[in-house]
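Straight from TrEMBL, the features:
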DOMAIN    12-99  domain 'Peptidase S26'
TRANSMEM  12-33  transmembrane segment
ACT_SITE  S39  active site
ACT_SITE  K87  active site
DOMAIN    111-154  domain 'Peptidase S26'
Amino acid sequence: MQAARRYFKSFASGFVVAVPVTVTFLDYVGYVARVEGASMQPFLNPEDRSFNDVVLLNRWSVRNFKVNRGDVVSLASPRDPEQRIIKRVIALEGDTVRHTFKMPGTRTYKNRYVRVPSGHFWVEGDNFGHSLDSNFFGPVSVGLVHARASHILWPPQRWQRIEPSLPTDRRPLDQETIDHLEEQGAVTVPKT
């Protein structure tokens, strides 16, 4: 009986220490998540497989809301704050991008070119046309980002570090192009 009490007391004290440490780790450092859907194909969840990629989401790296072009980030959906989405950062505040969708339900702008307002960034899925992203809901507040995807952990044959990269056809516009478009009045700056 005495041994059972000591075992229970040891377990309880370990549990009391382990729970706060685990919660703190998950809140501030990172956690593992399964990627669902086709919006980031072919980079995540390639079409030839029947199971989803599992990624390491690094919360520590975005603690000051610092993101870079090309980062793959997890954020709260602007359409449904309870839903987490994973997208690639295409443009940062002050950058100008080409808005690509003209379909029902998408954010409409006076012009095809949008300047990302202060405190926002532009995100897109890699699977063009199969992603609800900034082309659908506009620039995203940096306050919605909660983690950066740093590694693909599963399946084992896909284990890799996720390096920032931008698709060549979806980069922010260069200054010369922006100046030309502004002269024509072809750039929209969304109100925040």
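Cβ coordinates are placed from backbone N, Cα and C, and glycine is handled just like the others.
Any TrEMBL annotation is an automated prediction that lacks curation.
Taken through DSSP, the domain 'Peptidase S26' (111-154) splits into 7 helix, 20 strand, 17 coil. Residues 30-32, 38-44, 53-59, 61-62, 65, 67, 71-79, 81, 84-101, 105, 160-162, 167, 170, 173, 181, 185-192 of the same chain lie 6+ residues outside the domain 'Peptidase S26' (111-154) yet bring a C-beta within less than 8 angstroms of a C-beta in it. Remark: K87 (active site) has S39, M40, V72, V73, L75, V123, E124, G125, S131, D133, S134 as non-local neighbours, by Cβ distance under 8 Å and separation of at least 6 in sequence.
Note on S39 (active site): other Cβ atoms within 10 Å of its Cβ, all shown chains, come to 22.
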